[in-house]
Structures are given as structure tokens and as C-alpha cells.
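Undergrad: Have a look at this one before I ask anything.
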Amino acid sequence: MCGIVGYVGQQPACAVVMAALRRMEYRGYDSSGVALVNGDGTLTVSRRAGRLANLEEAVAQLPPSALTGTTGLGHTRWATHGRPTDRNAHPHRDAAGKIAVVHNGIIENYAGLRHELEADGVEFASDTDTEVAVHLVAQAYRHGPTAGDFAASVLAVLRRLDGHFTLVFANADEPGTIVAARRSTPLVIGIGDGEMFVGSDVAAFIPHTRNAIELGQDQAVVLTADGYRITDFDGNDDLGPGAYREFHIDWDLAAAEKGGYEYFMLKEIAEQPAAVADTLLGHFVDGRIVLDEQRLSDQELREVDKVFVVACGTAYHSGLLAKYAIEHWTRLPVEVELASEFRYRDPVLDRSTLVVAISQSGETADTLEAVRHAKEQKAKVLAICNTNGSQIPRECDAVLYTRAGPEIGVASTKTFLAQITANYLVGLALAQARGTKYPDEVEREYHELEAMPDLVARVLATIKPVAALAQRFAQSPTVLFLGRHVGYPVALEGALKLKELAYMHAEGFAAGELKHGPIALIEDDLPVIVIMPSPKGSAVLHAKLLSNIREIQARGAITIVIAEEGDDTVRPYADHLIEIPSVSTLLQPLLSTIPLQVFAASVAQARGYDVDKPRNLAKSVTVE
């Protein structure tokens, strides 16, 4: 999500850091900033909300002493805690103005740490989780067993933090030193000649060096102009072979921005394990599901007697999946509406209605107007959004942010999986408030969600045959997608992706409707992709869809079946079988969607189209 750069060496750090931030603009951001260690033992911090040009204007006004120091940090922020404002932009510094930090990720236990610091008299200058880290390091550096030892102070604080994070610190009292660390979120080191770099990715330093190290899990590094020392969070540097990865960068800058992938969309598909994991982070605290911005009490949620979900495009498909989960867990009736239709049909809304509005950008015009219509009718409105501080969350009663990070590809991929995850969290929050799930049941469902990132990664690791399959069907005039239950919205999403990216005719159908018309389309060599339900979830649905597969195969179609590992009953009827791990019924879309994303992208590539920028489409639709 956020872009991080750190530099220590012989060159003026300001110029190096600002150039690095420009190279990392592709990551997306809502604010940016720099911390510069001056030659006179002081620290200068400059930060601005909005475009990087705003920061460049501010930096141009800095005194000459701030422009000549040779140690500095830079940051582009994608907001998670606190709105995208100047005061919440990074870097953050301690009260003495000596120590600065930049941060990517989430500190899950920040609320308790902040309370502890405030009890000690520390005053906070922002609404972020990040600021607790710099105040804790400042305390450790000035008092106690690590006093005067910058690196040891950082390590002592790291051991207290929960969550997924990358943290990079600079200290005006030790101007030639940077201390950085990572847990789960990426961090790479660039090894130069008399200079060292650290960044979120190699774009931070690729013009300066091609020699790099990827830090391992729960590792820290101390950087000086002369070299580096890597340790675990306990300070041990005897880490053994393979603890971190040394590599040479062969990519050019354009490839580095895409992480070595040909297109941003392919990179974003690969980022889906992190998108799901980050969306879950911090939402289960003391045995309860919590939202990011909760202005609805449990009593107000108990008063809800019906739910509407409003969204457009891919977000609408995630809303269809929300219906299955919310109805199953809460026994509340749920209607899913296209936002563009919702306010024009005079839906029945009142104070007992909860409207869930899903939007990646938070600016989707149809969804925004649906939110305003719901508010006019006194309904309660909850937003699921990927962009902190955008318009839709500002107008809602509660917010749950998907933390998928910036999505450059126009066709949504990682935000779709993050939206499904967020929808399920909303369902569990409602069940918890209404008492339709016992606390241990809510906890069990949450932990099942927590296991999904690893399973998503497993699917991604075995997906190559899908790309090869796409080559065979790249020139097909049409492709049909079939599913039942939660497989039906997945079929709709698969068809949409193929239409968006490959400009092919594709349709998704509920398999039970096959005999009511779509079977007339079946002919020789027509590719039909089937999302098979788990035989353990519903034996009846499984048997019925198996019957559908036999019907279409008997009419000459080519069957491409996505089924759970070990489902041998489907094998005789699948011309091509794509296997995914076995999970509970509601969680299957988080896995079965991935082959369809890869299939659509691969077909588009085979047809010679730009996967990132499909024709006639925009990432954020801000007009009706």
C-alpha cells in the first residue's frame, strides 16, 4: 500500500528521497512526506496531503541546511488509520523532534499502546496508529535499559507490536544511521557504493544500485553508509542460511513498478493473499468483530429488520455473496441492488433498514447517490470502501475499509476478494450484535477467514495451467459460465472479467436456469466454465450441477470445471479440471474466483489487448 524509502550515504538525501517518491507514485497515495536529518543534529519533517507536487512545493521552501544532510526518509501514504490530511501524513516524529518514522501496514494493538503513552503524558499530533511507534522508541532511547542505543531501542519496541508492518526510523542524534524492520509487509535493501537504501520495493533505488536484499519475516536491519547488519527482533544476527534473500535486479524501472509482472493486473492478482489478510487485520479485538468507523451501536444493529446491499459492477457481485453470508448468519432478509437502479424504483426504506454500500473508490456516482437516497429515507448506511477519506465513507454511519491497497488495473481483482472478506466481517458483526451467533461461533468463523490468505496463495502457486488453457480458447466466439449458490455470483464475475479484458461475448448463468433458455446456446466446442460446489457443503446441489455438466457435455460443449481437490465424481465429466483447496461453502468464492481472473487476463493477452487499460472503461466511475 504505502511507499517507503530511506537513504544514508554521501549524497544530499532530500534529492535522492524526492526522486524515489516520484518513482513510487504508481503505488497510489493520498499524502506524502519526508524526514531529513540535518548536519547540525536537527530533524526537518515536511508532509502534505494530496499530490506529490504539494510536497515538492513545501520542500522547495525548506532552509538550505535541510537540503544538504545525507540521511533521510520518504513516504507516500494510502490511509488506513486517520483521514488523509497533513497531520496524518508520514513521517511522524517524537515530541522532542529528534526521531522520525515511516510505516506501512497496521499496528493492531495501537489503541492500548496509545492509552499507555497518554497516561505517561505523551501528547499525540495525529490520529494514526504509526505515531505510537515513534513515541515508544523515543521513550526507550531516553530511559531504561536501552537508553542511548538507537537500534536496541527500536528492537525493544518491535517486540511489543502486534500486526503486519514495515517501520523505518531515523534519529537526529545518530545522523548516519537508519533502523528498519518488517513483519509480513515487504521491505528491500539496496546496497550501493558508500551508500545504502531501503524501500517498499526496488523502484525506491533502482537507478542507484542493482544489488538488493529482501528482508525475512520478523527481521530488522541497521543501515549506515558503510554497510548493514541484519538481526531478528531479539538482536540475534546468527540467522542461518536462507533467512533473507540476496538478489540482483535485472528489471528496468517500468518492470520494477510492476514487480516483474508484465501488467499491473497480474501483479495485483498475485497480491490477493495480502489483500485478504490486511482487510482482516485489526477487526477481531477482545473476542469481538470491530469496524473501522462505528457510529452504530449494537442496539441500533439489533433494530435492523432488513438489509439492502447497493453496488456496481464487480462490487455488485461481491454484494450478491454478502447476501448468502448475512442471511445465513443473521436470518435477516437481504436484497442486493444495482446502485444505478436502487434510487429510481422507490425502495421501501426506514429507520430499521441497513443499507450496505460497496465501492472501491468511494466516489462511484451511482453508489453515492444511492447512499444519499437511503439517508433521506432515514435508513442506516454502512460503507465498504478501499479509499480512506473518500466521499461515500464520509456520508455513512459506519465504515469498513478493504485494505487491498491501490489497484492500478482498471478491472478489479484484489479489491473483489477484499470486498468479499469485508462483507463477511459485516455479516459477523451483525450476527454478533443480534445474538444469532454465539461468541465462540463468531470467533471460529473469523479464524476460518484468517486461514484464507495461505489458501489463496496455494491457488496462485498452481495456476499456470489456466494460462495455457486460455491460449486454446482465445478465439472462441463466446464463453459460458455456470454456478449454483455462491458459485453463481462467481460465474457472473468470471463472465464480466472476460468481457472487460478480452472484449469477448461471455455470460454467467445460474446452472438451474440452464433448461429455461441458455441450453439453446450449447453447441460443439463451446467452452463452458463450471464452478462446482463442494460435495461436503450440499450433496443435493453438487449432484444437480453434475447433472448439468453431463447435459452440456452431451451436446458437444467443452467443459472446464473448477472443483475441490479430491472431488473425483466430477473428473469423468470435465474435459479440463482446475482444482482448488477444500473450504466451507461461503469461503469457496475467495478461491474459485482466482482461476477466472487468470483465464480472462490470459485470453486478453493472447488476443493482444492491454490488460491494464481495457477500452472504454475507467477505474472510478464518477458520473451517472
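Just so you know, glycine gets a Cβ as well, placed from its N, Cα and C.
I grabbed these lines from Swiss-Prot:
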DOMAIN    2-226  domain 'Glutamine amidotransferase type-2'
ACT_SITE  CYS2  active site, nucleophile
DOMAIN    297-436  domain 'SIS 1'
DOMAIN    469-614  domain 'SIS 2'
ACT_SITE  LYS619  active site, for Fru-6P isomerization activity
Undergrad: In the domain 'SIS 2' (469-614), how many residues does DSSP put in helix, strand and coil?
TA: 74 helix, 29 strand, 43 coil
Undergrad: Which residues does the residue listed as 'active site, nucleophile' neighbour through Cβ under 8 Å, counting only same-chain ones at least six apart?
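TA: Result: ARG27, TYR29, HIS75, THR76, ARG77, TRP78, HIS90, VAL102, HIS103, ASN104, SER200.
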Undergrad: If you average per-residue pLDDT over the domain 'Glutamine amidotransferase type-2' (2-226), what number do you get?
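TA: A mean pLDDT of 94 is what the model gives the domain 'Glutamine amidotransferase type-2' (2-226).
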